[in-house]
Structure formats: structure tokens, C-alpha cells
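Novice: Pasting a structure below so you can have a look.
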Amino acid sequence: MKVLYLLFAVFLLLFQATSGSADPLFADTTACRSAQGSFCRAGACPPTFAATGTCHGGLMNCCSK
């Protein structure tokens, strides 16, 4: 039972160190999200939005009004 506590503590420390790794790595994703009202979406944009670029290395659309 004491091993579970130690294992939980090790996992907690490991995942704490990787918390910032979910940041966008692609320049086009950062550019899309920096524009006001823009977002990334897989597939077509909603009816009131237009595709103005790409995200995630060209895999997704950057949608904006």
C-alpha cells in the first residue's frame, strides 16, 4: 500500500513538469489564435465564419468573421 503512495507522488511530479508542453508548436496556429475572434477548427468553418488560413501545419482551418 505504501508503494501506491510513492507511485502517485512520482506520477504527480512527472506530469507537473510537462504541464506547459501543450502549447501550440506551429507558427500558423499561433498566428490564427492571436487574431481577434479567430479559432482553429477541423473541417469546414461554421456558416457565419470564413476560412482565413490554416492551423496545426495545414491540417485545420483558421476560422474568423
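The backbone N, Cα and C atoms fix where each Cβ goes, and this holds for glycine too.
According to TrEMBL, the record shows the following:
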DOMAIN    28-63  domain 'Beta-defensin-like'
SIGNAL    1-22  signal peptide
Novice: Which residues of the same chain, at least 6 past either end of the domain 'Beta-defensin-like' (28-63), have a Cβ under 8 Å from a Cβ in it?
Specialist: none
Novice: Can you break down the domain 'Beta-defensin-like' (28-63) into helix, strand and coil residue counts using DSSP?
Specialist: 10 helix, 13 strand, 13 coil
